[in-house]
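Sharing a structure, written as structure tokens. Questions coming.
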Amino acid sequence: MRSRRASSQDLKAIGSDFEIQAMIEEPDVVDDAPWDAIRLSAALLCILGINSSIFTPGLWGYLQSLDKYADVAWLGRAMSTQAVTSILADPFFGWCQQHYGFRVPLKVTVALVALGNVLYALLYVAGEWRYVVLVASRALLGFLAPSITLFRVFATTSVGADERQRACLYQLAGFITGLALGPFIQAAFGYVPALIVSGVVLDKYSWPPAVMALSSCFILVVVHRHFPGRHVKRGPKPEKAERDEMDSQNTAPRLRRSDLIILSLLLYLYAAVSIASAAEYMIAAPLTRAMYGWTDAEFLVYHWPIQTGQCLAGTAASLIVAATPLRKIDHRRQLAFALSMLIIGSLSLYPWPFYPSVSPQITQQITTSVTKKIPLPLYVMAMVICYGPSLAIANSLLTSITTEVLGNRQQGLVHSVMSAAGGVGTALWPLFAIRFFPVDGTRTISLCNASIYGIGLLMFLAAARYLGPRAVEEDAEADDTEMAERRAQ
């Protein structure tokens, strides 16, 4: 009798062991990651990267071909309009992706980008409405940002945590490759003969948007045929997700006042880093043409290697830091170094008295404000060596530090606010730059850039001790204590 009872207990124990083992071995995630679709999305991101950078070198020349008295202010308005659209559209389509899946929002954004390319190609036939059509086209091209974000969300949520870095690497490689190829393709169209098709002029400025409109249609077809409408998220099962959501709503620690101060500093640095890219891209065309006497065609040929080198330098710096022992260096030191390089790059573009004077043979409208010529090797060094790696490292480090500071608190909300801060900097800074560039060239812009980075660097150094690993661990322990107390209540 005892042996029978023992046997029944053993069976129960064995059954319990099987249940426990089944619970342990039961997969919480889906194992079939859509790697083919992820690699395909990287190729499509390359096309979107080309679309993002192909118009930058030729925008000023396009304006002058439309109107020889074109004001540089319209250059700033066009770029700001695109940035404002990105700020408004990115969070909206992120919300749509959560409620309507991946494919429908992406189709809408890519279709709007295609329409923006069409309008940009039709500026020659817009007549008196050319500036209105220009602003409208740039506004529609602002939907490039949510398109890129949706592809990245698809890749990062379709794989497990151990494969997420690999998926992000595919996305980064595709997009950066497109950014590097854009200026080269724009320069190549300078050798394509101009055509007039049904009254529409296709030349070195209008050929690229026409081709990019066709490429956007190609993306629409590929997304419709090869991407799922609602991709399978790799993550916890619904029951566990519901419990986690309930726990996060009921027991997640709140942000403390000290955290808000640190996040405000990071918010400022996000906007400052975005200002760097906005300022350099906006004044690159009029500045270099005024200093070196480049024609439209020469600018397209000479400037694309600089922009390509900047993209490649940023990619190389990111990969080197990620794959070598350099990644073990304190993040605070890396960010301080990146901000210092941005200051050096800004001061290099200042018209110092010992720089040679601009050639008097240059008679373009905006050359009256550019009196000093930055030596070409120094200009290349500032754009490629100072700006390229610094922008890439600073962006990645700000994201990493923000994640460390937040812990498990309101990650999505705070990161969306950080992204919006960068967009605001990109939108507002061109409007500021167009006020001063026609007056004194890069004098005020360079000093303001250096001051913004310098203030950010000083504030960061003052608050650096609150961002170290020990401070983050202490905050995490305090968060765990707070969560335990709230659960006990």
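Each residue, glycine too, has its Cβ placed from N, Cα and C.
According to TrEMBL, the protein carries these features:
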type	residues	note
TRANSMEM	42-62	transmembrane segment
TRANSMEM	74-96	transmembrane segment
TRANSMEM	108-126	transmembrane segment
TRANSMEM	132-155	transmembrane segment
TRANSMEM	167-185	transmembrane segment
TRANSMEM	205-224	transmembrane segment
REGION	232-251	region 'Disordered'
TRANSMEM	260-284	transmembrane segment
TRANSMEM	304-323	transmembrane segment
TRANSMEM	335-352	transmembrane segment
TRANSMEM	378-401	transmembrane segment
TRANSMEM	413-432	transmembrane segment
TRANSMEM	444-464	transmembrane segment
Below 8 Å between Cβ atoms, which of the listed ranges 74-96, 205-224, 335-352, 378-401, 444-464 makes the most pairs with the transmembrane segment (108-126)?
205-224
Mark yes when the transmembrane segment (444-464) and the transmembrane segment (335-352) have three or more Cβ pairs under 8 Å (sequence separation 6 or more) and no when they do not.
yes
Taking residues 6+ outside the transmembrane segment (42-62), which of them lie with a CB under 8 Å of any CB in it?
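Residues 72, 75, 78, 113, 117, 120, 123, 141, 144, 147-148, 151, 155, 170-171, 173-183, 185-187, 204-206, 208-209, 212, 215-216, 218-219, 222-223, 281, 284-286, 289, 296, 299-300, 303-304, 307, 311.
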What parts of the chain pack near the transmembrane segment (205-224), using Cβ distances under 8 Å and only residues at least 6 beyond its ends?
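For the transmembrane segment (205-224), the far contacts come to 40, 44, 47-48, 50-51, 54-55, 58, 61-62, 65, 103, 106-107, 110-111, 113-114, 117-118, 120-124, 137, 185-186, 189, 192.
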I need to check the long-range neighbours of the transmembrane segment (378-401): which residues 6 or more away from its ends have a CB within less than 8 Å of a CB in the stretch?
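266, 269-270, 273, 276-277, 280, 288, 291, 306-307, 309-318, 321, 331, 334-335, 337-339, 341-342, 344-345, 348-349, 415, 418, 467.
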Let me spell it out: take the transmembrane segment (304-323), skip the flanking residues so only those 6+ beyond its ends count, and list any with a Cβ under 8 Å from a Cβ in it.
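For the transmembrane segment (304-323), the nonlocal Cβ contacts are 53, 56-57, 172-173, 176, 179-184, 186-187, 284, 334, 379-380, 383-385, 387-389, 391-393, 396.
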So if I exclude everything within five residues of the ends of the transmembrane segment (132-155), which remaining residues of that chain have a CB under 8 angstroms from its CBs? That is, six or more out.
37-38, 41-42, 44-45, 48, 51-52, 55, 63, 74, 77-79, 81-86, 89-90, 92-94, 97, 102, 105-106, 109-110, 112-113, 115-117, 119-120, 122-123, 126, 167-168, 170-171, 175, 209, 227, 231, 423
